[in-house]
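These features come from Swiss-Prot:
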- 1-10: compositional bias 'Basic and acidic residues' (COMPBIAS)
- 1-90: region 'Disordered' (REGION)
- 37-90: compositional bias 'Polar residues' (COMPBIAS)
- 137-187: region 'Disordered' (REGION)
- 143-152: compositional bias 'Polar residues' (COMPBIAS)
- 382-403: region 'Disordered' (REGION)
- 504-703: domain 'Helicase ATP-binding' (DOMAIN)
- Asp517, Glu518, Met519, Gly520, Leu521, Gly522, Lys523, Thr524: ATP binding site (BINDING)
- 654-657: motif 'DEAH box' (MOTIF)
- 892-937: zinc finger (ZN_FING)
- 952-967: compositional bias 'Polar residues' (COMPBIAS)
- 952-981: region 'Disordered' (REGION)
- 1003-1198: domain 'Helicase C-terminal' (DOMAIN)
- 1071-1097: region 'Disordered' (REGION)
- 1074-1083: compositional bias 'Polar residues' (COMPBIAS)
- 1084-1097: compositional bias 'Low complexity' (COMPBIAS)
Amino acid sequence: MNFDASNDRPLKKRRFFVDDPLDTAVTPAEKSPALDASSSASTHTDPNYSANGSPAQIQTQQEYNFSNGGHATQPATAAGTRTHQAQSPAHDTLSDFDTEAFVSIVGEQVSPETLSQIRKLSDGSLEKAINVYFDGSWKNAGSPGSSQTTLLSCERNASRPSPLHTSREQGTGPAENGADSVTEPISRSKLQPARRYLGAFGVEAWATRSGIGLIKHGDTVNIERARSQPLSTRGRTGKLRVNQKGDVLTRFTNTAGQEIGRLPRETAEWVSTLLDQKICEFRGVCVFAPDRLRVNDTIYLQLRCFMRIEAFQPKELPQKQDDNRATTIFEQEESAEEKQLRLRQVALVQLFDEIGLKSTTQDDEIKKQRKEGLLRAAEMADQEAKKLAKSGNTDSGDEEPAELEQDQLDALYKKAQSFDFSMPEAQPPSSFAMDLRKYQKQALYWMLSKEKDKKSGREVSIHPLWEEYDWPLKDVDDKDLPIIEGINHFYVNPYSGELSLDFPAQEQHCLGGILADEMGLGKTIEMLSLVHSHRNLPPTQSLGNLTRLPVSGVVPAPYTTLVVAPMSLLAQWEGEALKASRNGSMKVLMYYGNEKNVNLREMCSAGNAAAPNMILTSYGVVMSEHRTHQALAPGTSWTPGNLFSVDFFRVILDEAHIIKNRRSKTARACYDLKATHRWVLTGTPIVNRLEDLFSLVRFLRVEPWNNFSFWKTFITAPFESKEVVRAISVVQTVLEPLVLRRTKSMKTPEGEPLVPLPKRTIRIEKVELIEQEREIYNHIYTRAKQTFNSNVAAGTLLKSYSTIFAQLLRLRQTCCHPILTRNKAIVADEEDAAAAADQDSDLKDDMDLQELINRFTATTSDAESSNEPPDPSMKFTAHALRQIQTESAGECPICSEEPMIDPAVTACWHSACKGCLKDYIQHQRDKGVQPRCFSCRADLNPQDIFEVVRYQSPNTTPTEQTPSSIGGDNVYSSSQPPPPPRISLRRINPLSPSAHTSAKIHALLAHLVRVPAGTKSVVFSQFTSFLDLIGPQLTKAGISFVRLDGTMAQKARAEVLAQFTKFETFTQEELDQAESTSAPSGLTPTPKTPKQSSSPSSPTVLLISLKAGGVGLNLTAASNVFMMDPWWSFAIEAQAIDRVHRMGQLRDVNVVRFIVKDSIEERMLRVQERKMGIAGSLGLMGEGNEEERRKERIEELRLLFE
């Protein structure tokens, strides 16, 4: 009978059926020579053997001899002797190999070459030699891909101790001392034998064979793996996939290598892990077995566990960890390495529980709580893995990780935001050129205390993640065990499965933290004050005294702070750093683009007096250089001078929520940056999940919370188990010592606001789509709703979520401009056709009125000068255009309204109200007749109807006046009339698709033309293609603007921000004159010298994409914000608004959010309310199960399609 394909024990068969044919069993008589030989060998080898000892006692002594190379039954007198025996057991035991006994047992002649090979593989053990021979593993022992069913001697040999590397996923190595570049050998492993007894436990195994005399009381059995399947396999794309069907079959065999039975699944699940990962070896003794054995009978075994030396040697994870990224879009799916760690830690916890091994450093209650938490976290991970395997990852929509509600976030921040206003203040040094507010000085004091809190005199204590265990002194039979001098304890990290013989000391706690002040409170300035206040100054030395650097390895950079920020903020950091520093007190290096061609190892070394004080770089550069750093082969004799070759004095991550995904390449790169002090700047430490905070804690290397297994045990698992209050309480404990957070809504004890900011007004303006836009919107909406209804009926709503979401995107784009939903190639062809038509016609989409008057007047003058008869049409055209210019066109010939309302002009230059003219043409077309001019009866083409657009006169501001004109010394100051306002004729229905305006663009222009002089505005949109359409309309309206989006290089972004944030500066005389001529209210220019008043005026509008400019930027030069389209979460929009309404803003801020009436955008506002918790759900009752979250998402979709 074959049981290889089954993991579970078969059901008991009924006894009255005919028994299976009995296998030919080895009779006691046939076995006796081997047993006698083995027994005699054991008796001869073991001086402590008693003549009346039981077989179990004999086996116990054999195991001790086996585990210590045959020479450790008596404690050695010198450590050196024990070290030699542990390292070379084969050398001492090969001479004891009984060849005659081996040949007699196997029953056939064996060649000398084969015999020699088997002796080497078995380390001279007759028992192992028999197993090796019968299972055939000696034939392919050298093949790396062979499947082993028994433990070979090559696995038992203690390999050479490797340097102590600690996985960064745990970040809690037993001997880490803060210097990642220093590696020390595991010295105690040289004293440790290849195997050492740990304990014993009983198990009820089951038989897989039938027979008589197969096994009896006292017989020795070998515990082996039936076969071992890899935890990860390569998929079609070449990427590693986690094998969710882990094989746990564990068999036991007799001394002849025959399989007798298997361990029960509940035991095999963790025993197989310990065998596969070479942590333990098990030897079994039969306690009870039926004389007549049948399949599925219960066999009682006593298993003795021996810890292998390999278990104490660190495991190196693969370098290319990014290949293990799961195919799902969510970050919670575990990788192959994480599954190995999970199985290892669970196996060790179960083993220690079975053998009754207790930690010496913890009481029973704490031990119990830790065990329960570990097993619960592991069980949740296992259930998640099985669920993903069952679904095949085809529908990841239901697997979205639980998110935090707004009130839960408020609860998390409650302790962090309980700011002590009586905290002492710290004054920055004289090299710092700015004046700090009180709360900023308090922040400086807090940051200095975090960085300088070394506590070097404290006593050494064990690492909080590790537990200490004593090696047992007696075995299960109360016999004395060998004592290894100097190794009385071993240490276990149950959260990572690591083991160590060296004492894992508690490392220096985090010398940094999280500065989480709300956006706009000046985190950048606070951090710059810290850079000035706590830094090492390079010594003044000549070039000849420079220290020679090694060609490889990491070099310390004691004078340099590294700042990692989004590309858009690099220029702002550079400007703020120089602005906040006295001349010559700060050297800033921009490490980006072509400026990366420097060797940081040499530039930032301790011997370089010219080392930069601050290096600015982007997250993209860090990720790119980390890839190069990982590609270097281990032991490379050369190290490139990049960011990972330097141990910085301080590392600062700005907008650090970028690394919230712990498995992203950017996050992994940032984890590997080396620095003494580590800081995180973010206004949102937790975006929407608890694991967002873990990534920051891991970067800061806050122990023990930077261990993900520990985090899952005490935070993630309780939260997912609906113990939300407990999980939040633990997170508050983590946050309290790490985070400093103040908000703009805080008030001082005197009742004053923490930061006095001007008033902010947010107004929603409903926009009505024009008829053509509404038709397009209704068409797309109908298709989207049909798709939604059909999927609801079929029950496949979430499987088609991406399709529905794409149609929602089209609806949102239609609200902005219909052209955004059209095929780009077709639009480009229409643009070319419109341009060609403009070239062939005298009528353009947009014509300047003054240029038309000049052209027709010149034609009439030329005719008069040449004595030709004048063209009456030319004279009429010039006259009609002048009437439009002087606004004296009279009453409307259609409605008799005087003056005309929004005058429009036909191609024959007759004027009427725009609304009247459009209705007149539509009336003619409804009657089925060709529209004709209401005045001259000429044919009317709807494409050739022009509206009159009047632009405001150039604003008269102090910057446009010279001091001489103000003082009256210029004789032309009062005689020069102001330039006339610009007027243009613009097609109502342009030929060019991009020239068409939309309801939102029209509403935006209506606001911008009413903006007071000297006031700047910021226009946000998440669609850069929409910004492409807004720009030309601003140009036509005579509004100067600049643009910033994600496609621009860093230097171009810096130039745009410099132009937009540039303020005009005036003299005192100019200010007095401005006040006397009703200067715009709220204008607060800075008095400067007269020569600065001649600088050209800066743009008044900044077009910016929501993603590129939503965070970090300082846009206080503006006071008007226009949000062209809503986002799913208002928090994203609030971040963008806070770029303007922040510290440094002197004017009231007006925010207008354009929302299309009766559209998807109005329903998005209701979704925002749900996400903000306004809908009434407290959320403290837990996130619910998957079915509840599924219903919630379906309800949101229903809300969008009401």
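Glycine residues also receive a Cβ, built from the backbone N, Cα and C atoms like all the rest.
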Additional residues surrounding ATP, by Cβ distance to the Asp517, Glu518, Met519, Gly520, Leu521, Gly522, Lys523, Thr524 centre under 8 Å: Glu526, Gly683, Arg1142, Met1143
Winner by Cβ contact number (other Cβ atoms within 10 Å) across the binding-site residues Asp517, Glu518: Asp517
Same chain, 6+ residues apart, C-beta under 8 Å of the C-beta of Lys523 (ATP binding site), given in sequence order: Leu515, Asp517, Asp654, Leu681, Gly683
Fewest other Cβ within 10 angstroms of its own Cβ, chosen from the binding-site residues Met519, Leu521: Met519
Nonlocal neighbours by CB distance (under 8 Å) for Gly520 (ATP binding site), same chain, sequence gap 6 or more: Lys744, Val755, Leu757, Asp1138, His1141, Arg1142, Met1143
Number of Cβ atoms other than its own within 10 Å, given for Thr524 (ATP binding site): 22
Structural state census, the zinc finger (892-937) (DSSP three-state): 13 helix, 7 strand, 26 coil
CB contacts for Gly522 (ATP binding site) [other CB atoms within 10 A, all chains]: 22
Segment confidence, the motif 'DEAH box' (654-657), expressed as mean pLDDT: 90
DSSP-derived helix, strand and coil totals, residue by residue, for the motif 'DEAH box' (654-657): 2 helix, 1 strand, 1 coil
